[in-house]
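Peer 1: I'd like to ask you about the structure that follows.
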Amino acid sequence: MTTTRRDILKGAGALTLASAIGAPMRVRAEGKVLKIGQLGVMSGPEASWGLVNKYSAMATAEMYNARGGVEIDGELYRIEIVSVDDRNDPKLTVSGAERLTGEEGIRYFIGPNMDTTATSVRPIAEKNQAMYIPYAFDRSLYTAPARNAILGMIASYQVAPVMYKILRDERGVKKVAFLARNDSDGLLQRDEAVKVAEGLGLEILAQDTYEPSVTDFFPVVANIVGQNPDLIVMSAVAPAHCPQIMRSAREMGYVGLFSSEAAQDIKIIREVAGEYGDGLVSIGGASTPEIRSAYMEDFIEKYNAVAGEWNDEAGTKAYALEMILMTLRRTGAAGIGDIALFQKAVDGFSERNPFLKEDAALTYVGMADYGQKRQIGVPMVITETKGGDFTTLSIGSVAS
Amino acid sequence: MEQILVNGAILAANYALIALGITLIFSIMNVLNFAHGQMFMFGGLIVYWTVAQLGLPYAVGLAMAAVAVGLIGMAFEVFFFRRVMRDSTREENTMLLAVGTALLLENAALSLFGEKQRGIPPIVTGVYRIGDAFLPANRALVFGISLVLIVAILLFVTYSKTGRAMRALAQDRTATLLMGVDTARISTLGFGLGAALAGIAGGLLITVSGVNAGIGTAISTKAFIMIMIGGAGVVSGALLGAVALGFIEAFGYAYLPGSLTYLMIFVALILFLLIRPQGIMGKPWG
């Protein structure tokens, strides 16, 4: 048998086909059931983004199901999570959304995780009358006439002005180099952040990019380290890549700060960056020990049971299912099948934030950025890595 | 310039181990191992588990990675590939099988080790200066170990009885069988050795950049590029491909915008294959 180059191409085709085959996974429940979808990247290099969504939803569902379910209009609904892996491929995101909102009849789902996949879902969600909570920052998803998406976290362009101002005023940062992941999310975040940095009078030394498939950052960071910036901004950096960039830059003699407008994970930073893990300023969730409530502690415990270990990103992603359920309790049972009621409830929604120990209102926000409330009001917690831990640098919120 | 050369040399040595493994399997079995990157990933994760979870020395972890991934490769050959190659009349079936084993390993790794990037502390710390270039001591050590392993593999396939049988099998399976060589055993050993090399490469690089369950496809893609440049199934070609890719990458990142480097590599590869489709070194084993 002779293997030719043609066969190699056939094999590559087969790889694509095999990748496309995937059945949705579900956490089954009995009795009256409320099905919630979760659609995102759960395999490949970005797997952690979607898996944290999945594990967070499962942990929240377990917390409710342990009490018999979520009470809506006096009746208990056990929560069933239906998960679909889109492998970060918009074609699979579309078929996954069709499956969730069509065959499964689901009206609320969490995800997707990227701009490309989140925008590909929009027509399906609008056609099948479903609400979804993406973790992508493209403004068009949340700005009218779009009405079906609710941003599940703080956008990079919301945190950048706060973060850079702190770094300029309190840490003496003057020269900035940008290193962006070369995809739509990375480039969008970099472009928005460059505008913010320029607005604050910071000098932009470089705007480099890297491929998401890069396996060694040592040659990638050589150029920007050579320009001796005070701050390296890593746009849309994956938790897997962030400590690699930090370690490579430090090994080349870089002594400045790093920043990321995406949530990172301290265990990965400890393991991969090791002694070079200090000096990263990034956005955290509601999970920093200083602010978390007993309810959040319970969530962390359930998350650990589901996923095997805690992931700091889950501090932000804990909010998605909780907000869907709290809003459905407002709309009543009719809202389970009618998203118009949900959309109406969003505007006036305000509950005590269960994840914070201090009394704070949890609302939908977004009027300032999107002209409508299409964002979960997750606290804006900016952290810095010091001695192998996240320390809180600032706590704020997005303008309502 | 010194930094670019250092970066290129380090990348080349790392890539050479990966390329050697995949070309060994390809030449002996005529199987393009789509799971090679996943075997690399598994090797890294086994070292992580041994060192970070069990607290055993790094050398034990590396040996375990080589043995475990080698055994996985041998099991794949005995239970999957041998049967398909014997019974199937369609050549692409082995590739579909290889893709299947890649997905199997990736999902097994996700279940066993989770979705996070995993890393262990460097084996040695510190940074050397070579002119204006920085060379972290750990990367220098990994570079040295890689070179020693490459030389050892070359000596093994050139001078040992088993190595000569592997080369014979790669050149002509029927003639090798007629010479009384146990081709089934040699195929199993060859697959195991190729897989073990991938495991060792993963085990070495987890000390440098860490690995995650999803890294396999990117590693396999690079391995394919290397053997396409050097010539599929040729050991010297694999090494040449690794050196070429390592230095092209280092120079590309230095002189081109980051996003253009791999675009240019793929364009150059297409043009190169139009001129020399068999790669630089031509047919298996020269």
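Just so it is clear, glycine is given a Cβ too, placed from its N, Cα and C backbone atoms.
Unlike curated records, TrEMBL annotations are generated automatically.
Given the structure is predicted, the values throughout are model-derived calculations rather than measurements.
Pulled these from TrEMBL:
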type: TRANSMEM; residues: B:12-32; note: transmembrane segment
type: TRANSMEM; residues: B:39-56; note: transmembrane segment
type: TRANSMEM; residues: B:62-81; note: transmembrane segment
type: TRANSMEM; residues: B:140-159; note: transmembrane segment
type: TRANSMEM; residues: B:189-211; note: transmembrane segment
type: TRANSMEM; residues: B:223-248; note: transmembrane segment
type: TRANSMEM; residues: B:254-275; note: transmembrane segment
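For each feature listed, report its degree of burial, its nearest neighbours and the pertinent distances within the displayed model.
Peer 2: Packing against the transmembrane segment (B:140-159) from elsewhere in the chain are residues 9-10, 13-14, 16-17, 20, 24, 123-124, 128, 166-167, 193, 197, 200-201, 204-205, 207-208, 235, 239: each is 6 or more residues past its ends and has a CB under 8 Å from a CB in it.
Residues 8-16, 18-24, 26-27, 32, 36-37, 150, 154, 157, 170, 265, 268-269, 272-273, 278-286 of the same chain lie 6+ residues outside the transmembrane segment (B:223-248) yet bring a C-beta within less than 8 angstroms of a C-beta in it.
When Cβ-Cβ distances below 8 Å are used as the criterion, the transmembrane segment (B:254-275) is approached by residues 3-4, 7, 225, 228-229, 245, 248 of the same chain, each at least six residues removed from its ends.
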Peer 1: Given a Cβ distance threshold of under 8 angstroms, which distant residues of the chain, six or more beyond its ends, lie next to the transmembrane segment (B:39-56)?
Peer 2: 18, 21, 33, 62, 64-66, 68-69, 72-73, 105-106, 109, 112-113, 118-120, 195, 198-203, 205-207, 210-213, 215-216, 219
Peer 1: By Cβ distance under 8 Å, which residues at least 6 away from the ends of the transmembrane segment (B:12-32) in the same chain are close to it?
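Peer 2: Sequence-remote neighbours of the transmembrane segment (B:12-32) are 39-40, 73, 77, 81, 85, 94-95, 98, 142-143, 146-147, 149-150, 153, 157, 166, 169-170, 186-187, 190-191, 193-198, 200-201, 204-205, 208, 219-220, 222-224, 226-227, 230, 232-235, 237-239, 241-243, 245-247, 284-285.
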